[in-house]
Amino acid sequence: MSAIDDLPPLREVIREHQLSARKALGQNFLLDLNLTARIARAAGPLEDATVVEIGPGPGGLTRALLALGARHVIAVEHDERAIPALRTIADRYPGRLEIVYTDARTFDVRPYLGSTKAKIVANLPYNIATHLLIGWLSAEPWPPWYEMMVLMFQREVAERIVATENEEAYGRLGVLANWRCETKILFDISPSAFVPPPKVTSSVVRLVPRPAPEPCDRRALEQVAAAAFGQRRKMLRQSLKSLPADPARLAAAAGIDPTRRAETIPVSGFVAMARELTNSRNDNTT
């Protein structure tokens with residue numbers, strides 16, 4: 001990564017700009033450029049790619065993305081202290097780094113993209129990571145504006161994202177993520193790699209949108225999954241009673257025994273129940 005050798009070490013950048021991590025912003029800075037390069041390569045190929053990065057901080061991952069050939073990086077940062085450090089990187093890569101000072105939770109990147117498909121690559125602030133992911137998974141229309149996500153989460157959250165039926169971590173997030181994407185944990189990163197070190201191991205997850213997920217209404221799917229996993233130890237015939245449809249009818253439409261529990265139902269089963277929930281609503285309005 002000789003292309004960034006003339007930039008200061010990240011520890012020096014943090015010291016110069018007084019970038020002590022703010023707990024309120026969920027910040028844990030990854031300083032090892034070998035690890036940031038590994039994350040960037042996981043989103044490859046990057047040549048000619050447009051990348052959206054959330055929470056770049058001092059810019060370690062930003063530098064890796066640019067050094068590995070990303071044509072355009074849109075860096076969304078909510079900490080005003082980091083902006084000067086990012087501008088230094090922008091000066092080294094003229095016309096390739098666009099810095100957006102805003103809150104990622106309310107930011108719509110699509111006007112910045114036009115018709116270009118992007119990749120989302122980020123060491124996400126832990127306190128908003130799940131919120132952001134659910135927003136991206138809820139994108140309409142589908143397929144979405146991004147072609148891939150390579151994201152870092154706490155290991156526990158990563159396990160929930162990739163979990164499938166009969167796994168302890170399986171829940172609402174796993175249903176939504178695996179309905180719309182192919183998911184995989186790529187590798188773990190030790191707490192010691194961060195400043196300050198978090199209390200938990202982190203994991204890098206890749207999510208690739210499925211071009212044609214099994215058809216159903218997303219909101220209905222979320223509603224069924226929320227009801228089922230809200231009382232995950234109860235049978236479906238009990239846990240689904242909060243829905244505006246007969247639980248037995250929903251289960252029957254999916255070919256599922258209503259005495260089963262949510263954790264044993266595959267994503268396809270939730271999709272089938274969501275379709276039946278939509279059908280029952282339509283029946284009630286005709």
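Including glycine, each Cβ sits where the backbone N, Cα and C put it.
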Candidate from Asp6, Asp103, Asp188 that Swiss-Prot assigns to the same S-adenosyl-L-methionine site as Asn28, Leu30, Gly55, Glu77, Asn123: Asp103
Per DSSP, three-state class assigned to Leu30 (S-adenosyl-L-methionine binding site): strand
Least Cβ-crowded entry, counting other Cβ within 10 Å, from the binding-site residues listed as Asn28, Leu30, Glu77, Asp103, Asn123: Asp103
Neighbour count (Cβ, 10 Å) for Gly55 (S-adenosyl-L-methionine binding site): 26
